[in-house]
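Below is one structure; the comments refer to it alone.
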Amino acid sequence: MKSKPAYLTLLLALLHGVAGITILVISSWFIAISAIAPVGFNYVIPAVVIRALALLRIASGYASMWVGHNDLLARIAGVRLRVFRQLENSKITDKAFTTEALAQHTEELASRWIAWIAPLSNITFIFTNLCVVAVWFNLPSTSFLITLFAIWLVAVVVQGLGALNIAKRVTTENKAFRQQSADFLNCSAIWHLNKAMNNMPKEEGRHVINSVPSADRVWRQQTTQKDKALRASWWFQGAAFFAVVLVMSGAVSPISDFSYMPIAIVVPMILMAAPDWAGAAFHSITKFAQHKQSAKALKNLKTSPIKLLERTELHHSLTLSGYTAKNRRLPLVSATFPATGIVCISGPSGCGKSSLLQSIAGVLPSTGIKEVDGMRIPDGLITNWRYVEQEPIVLSGSVSSNLDPAGMGIPLDDMTNLLAQLGLEALLPLSMWVGKAGRTLSGGERKRLALARAILSHAKVLLVDEPFEGLDVTTQHKVCEVLNRYAANHLILVASHVTPSALNVSSTLLLEEARMDNLCAGQHAIRLP
Ligand SMILES: Nc1ncnc2c1ncn2[C@@H]1O[C@H](COP(=O)(O)OP(=O)(O)OP(=O)(O)O)[C@@H](O)[C@H]1O
């Protein structure tokens with residue numbers, strides 16, 4: 001990522017800040033000197049300088065915003081890419097890490113230049129230079145300015161440390177809230193079983209759900225964070241005004257002749273306006289704390305790796321020996337499958353049909369031996385074999401983006417024809433939006449859409465989980481015809497409780513239920529008949 005615009009943002013913000021403080025210094029001096037100016041004093045030059053500085057301040061302010069926001073967009077894209085790379089070939093295991101959480105942390109990371117680096121370095125630069133110039137020219141009341149600088153520094157550090165703690169709590173509360181929300185939404189189908197609901201008042205005849213996860217705690221922490229920043233800036237304002245009062249009253253340093261010179265007004269004016277040009281630091285430091293938390297959260301993002309295997313062609317046979325999904329108490333399978341045709345995998349519910357298909361595809365790790373044309377294949381996702389889930393994932397997008405999610409350029413005609421063959425004419429045209437995660441589709445439509453996606457990717461081996469579940473007989477027939485045609489050149493393993501007569505099954509693998517005594521006595525192997 002090019003970082004030039006970021007430095008440009010900083011430079012422009014600096015110009016904006018310096019122009020502002022210079023206007024303050026010159027104009028306060030100008031006002032003071034105008035009162036006692038001798039005849040012939042040239043009012044034009046300071047007035048022109050102030051006007052020019054004002055224009056510079058406006059221009060640099062807008063330019064800094066423009067460059068800064070362009071840079072922010074580029075940075076968001078860059079950080080997103082980094083996150084995508086981090087997630088490549090792996091899956092997030094943390095339920096609370098929703099897309100929204102990822103987006104929030106990404107933005108927090110990307111906005112660091114405009115959120116805190118530019119404002120904080122700007123104020124530090126101005127404050128330091130004001131002190132140096134004041135000492136250099138021995139301006140009256142310089143010690144007050146230096147004292148205020150020290151107070152500001154301490155306050156920012158203390159505020160920053162507190163903000164770090166609160167930001168940590170915000171992240172924890174946010175994570176808990178997201179986790180509770182995910183759990184709550186996942187059990188939406190059984191909300192009515194919630195005991196509390198029976199005793200609850202009704203609104204317009206409907207029960208009001210009162211166990212909805214609340215974001216109150218998150219909100220409270222965020223409010224505390226803002227309040228503390230605000231309080232710090234009020235205290236700073238108080239200190240600055242107190243310093244002005246001390247200067248003006250002469251309580252600390254006695255009023256001398258020098259005090260009546262126009263230049264003597266400069267430091268009190270700077271002190272008076274300090275909350276305006278230095279107060280923003282207290283809010284910027286909280287942004288820094290949030291940034292730290294986001295960077296930590298993304299760094300510690302829990303993922304589990306998915307190993308990808310190269311394309312695996314199948315010319316003769318797929319052989320499994322003593323094979324099963326790892327860490328599941330399931331029967332071991334020993335069987336040989338042909339390179340083409342349909343093999344039905346049947347057995348009682350829970351006997352391990354889905355687990356077997358998933359481990360063959362490489363979605364699950366396995367134990368035992370898997371050989372393709374006599375070559376042993378290690379664990380890992382085989383990129384040109386497809387497992388079609390029992391409950392498929394549908395993307396929030398158009399029908400065509402669901403059929404070609406990787407943008408492989410699958411011809412639209414192929415998509416349309418296949419959808420028609422599967423009885424999915426209702427999903428045409430292909431540009432139709434399927435709703436968030438395909439929620440508008442029926443269970444049967446989702447299954448056939450996922451099957452179409454797998455077939456259109458020209459998968460060498462199709463591993464289809466319960467494709468006929470929830471389909472009427474006519475639609476089952478259509479699905480059978482599509483599978484029969486595909487099986488002429490490919491191997492299809494179908495896990496199913498039903499085997500429609502229209503399906504050209506070449507052989508059946510019957511999985512028995514895994515029983516504890518079987519497993520203890522030495523696991524049994526099942527062969528194809
Ligand atoms: N995510 C999981 N973690 C641990 N064990 C699991 C998991 N999913 C399934 N199992 C175990 O594996 C067994 C087999 O599950 P699987 O889904 O493979 O069976 P199935 O034959 O496809 O069942 P069904 O016909 O009901 O879909 C289950 O009884 C369960 O004990």
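Don't overthink the numbers, they just go from 1 along the chain as shown.
The backbone N, Cα and C atoms fix where each Cβ goes, and this holds for glycine too.
According to TrEMBL, the protein has these features:
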type     : residues : note
DOMAIN   : 309-528  : domain 'ABC transporter'
TRANSMEM : 30-56    : transmembrane segment
TRANSMEM : 113-137  : transmembrane segment
TRANSMEM : 143-167  : transmembrane segment
TRANSMEM : 234-252  : transmembrane segment
TRANSMEM : 258-282  : transmembrane segment
If we skip the immediate neighbours and take only residues 6+ beyond the ends of the transmembrane segment (143-167), which ones have a Cβ under 8 Å from one of its Cβ atoms? 120, 127-128, 130-131, 134-135, 221, 224-225, 228-229, 232, 235-236, 239-240, 243, 246-247, 252-253, 267, 270-271, 274, 278, 281-282, 285-286, 288-290, 292-293
Determine the mean pLDDT over the domain 'ABC transporter' (309-528), rounding to the nearest whole number. 87
Sequence-distant contacts of the transmembrane segment (30-56), meaning Cβ under 8 Å and at least 6 residues beyond its ends, amount to 15, 19, 22-23, 262-265
